[in-house]
Amino acid sequence: MQPTQKTHWPSVLQVALSGLMLILLLPSAAGLLVVSAMGGLAQGASGQEVISLVHLAWMAALGAALQAPALVFGLARLLNWPLAQKERNPRRWLLLALAAWPLALAAGYGVNQLPGLSLVLLPPLQIAVVALPLAAFVLLGQMGLPRLTRQQNWGTVSFSLAITPLVTIAAEGVVGGLLLVALVVWLTSNPEAMEQIYRAGQRLSNAQMDPEALSRIIAPFLKNPQIIIGALTFTAGLVPLLEELFKPLALWLLAGKRLTPAQGFSGGLLAGAMFALFESLGMLASAAGAQDWLTLVIGRTGTGLLHVVTTGLVGWGLASAWQAGRYLRLGLAYLCAVLLHGIWNLFGILMGLLPVGGAVDLPQNLQGLTRLSQVAPLALGVLFLVLFSILLRGASLLRQEGNPIRIDISNHERVDPTQAKGVSTQGRE
């Protein structure tokens, strides 16, 4: 008698999740396309609204496409299907992504100025300008490192697109709700402030997203130190704490696999890229105007690098804790990720307030924010270089850690012990 094979429950869960997402996303993509077509034929429909619907349809289709490999690999594990091993050439894909991104960026900028073409061409171009740099960052960071298996990689993609954003949004919603309750309590004791917010809400409903009108409406609130400090605390403090906690959530499902720190770093890069893909494409759905679109895309490219690197750091810390009990390393990696994320968000907010800063005199004790807002673009550029250096240096150190070189003093020749034993250091499929 042949021994009964045990059910691999992680594969069952992977198949269930990816299959459910396919069932939800494919009809959603088709439905959004139908609604956008009906909106395009309707009189008085806004062209930007129709483009946004088409963009959401493309997002749903992309999500379905990224869920399909997880379903296939999960079924292959459960049903013992043999899958062909394909040679990986990350260098080729990296060069392709680097070459295609500026072309997609230029095409998207040009199509943005052609209403007739933007409806058809802009949504896929928006996916390209977001996905290509994310792919390049992940490939750069994973180059030469032992990776997760193919099933684990696609399981990370599936979970990071389906579950991680929902958990993160829910956590931020709970914290935001508690802050809103505190705000309401404060307003009940400040009738003048409540009346001011009510009038601002009425004016916002009539502003129709006009930047100058929005600046005039927001400017009076910048005189209130509590509002400014509260907004900065939430966006540059609480949001990084929550996001860096939940972004590597998919790796927790691999906690029992004894991942090496290099594999944790590699998996974290991938999880961070999926989070950034979801977040950036969601923001581009409402982008209007070629110049604003280009600015948003470039800004989101930097934010994408931030998410990739910080989640890679936390993934490295998690694997170090699981494999060798190095919980101090995990704590330091998490704090470093939160600090980088908080600084990025701080200067991002200040740069957004830069056009408003000249329209209002901030309180004396907040004048330093005006000076910081003036150097915000430079600070974000420097931070981008810091993040890129962490990505390259971290990957280099992990490659050295996984491929130790022994020096034979007698003949001064460098001997690689893995070559001597004929053992590959690459992660097994």
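Placement of Cβ uses the backbone N, Cα and C atoms for every residue, glycine included.
The transmembrane segment annotation in TrEMBL covers 54-81 (among others).
With a cut-off of 8 Å between Cβ atoms, the residues of this chain six or more beyond the transmembrane segment (93-111) that come close are 117-118, 121-122, 125-126, 128-129, 132-133, 135-136, 139-140, 143, 290, 293-294, 297. Taken from TrEMBL, the feature transmembrane segment applies to 93-111 (among others).
Sequence-remote contacts of a segment are chain residues at least 6 beyond its ends whose Cβ falls under 8 Å from one of its Cβ atoms, and for the transmembrane segment (117-140) they are 40, 47, 50-51, 54-55, 57-59, 62, 90, 93-94, 97-98, 100-101, 104-105, 107-108, 111, 269-270, 273, 276-277, 280-281, 284, 287, 297, 300-301, 304-305, 308-309, 391-392, 395. Annotation source TrEMBL lists transmembrane segment at 117-140 (among others).
Here the transmembrane segment (161-187) has long-range neighbours at 17-18, 21, 63, 66-67, 193-194, 197, 230, 234, 238-239, 242-243, 246-247, 249-250, 271, 274-275, 277-279, meaning same-chain residues at least 6 beyond its ends whose C-beta is under 8 angstroms from one of its own. According to TrEMBL, the feature transmembrane segment maps to 161-187 (among others).
The transmembrane segment annotation in TrEMBL covers 227-246 (among others). Long-range contacts of the transmembrane segment (227-246) within the same chain: residues 164, 167-168, 171-172, 175-176, 179, 183, 221, 275, 310-311, 314, 334, 337-339, 341-343, 345-346, 349, 362, 366, 369, each at least 6 residues beyond the stretch ends and with a Cβ under 8 Å from a Cβ of the stretch.
Under the heading transmembrane segment, TrEMBL lists 267-287 (among others).
What TrEMBL records for 293-319 (among others) is transmembrane segment.
Annotation source TrEMBL lists transmembrane segment at 331-354 (among others).
Residues or ranges marked as transmembrane segment by TrEMBL: 374-392 (among others).
Listed by sequence, the residues of this chain that lie at least six past the ends of the transmembrane segment (374-392) yet keep a Cβ under 8 A from its Cβ atoms are 137, 140-141, 302, 305-306, 308-309, 312-313, 340, 343-344, 347-348, 350-351, 354.
Counting residues 6+ beyond its ends, the transmembrane segment (267-287) has Cβ neighbours under 8 Å at 48, 52, 55-56, 59, 62, 66, 126-127, 130-131, 134-135, 137-138, 141-142, 147-148, 152-153, 156-157, 160-161, 164-165, 168, 243, 247-251, 254, 259, 293, 296-297, 300, 303-304, 306-316, 318 in the same chain.
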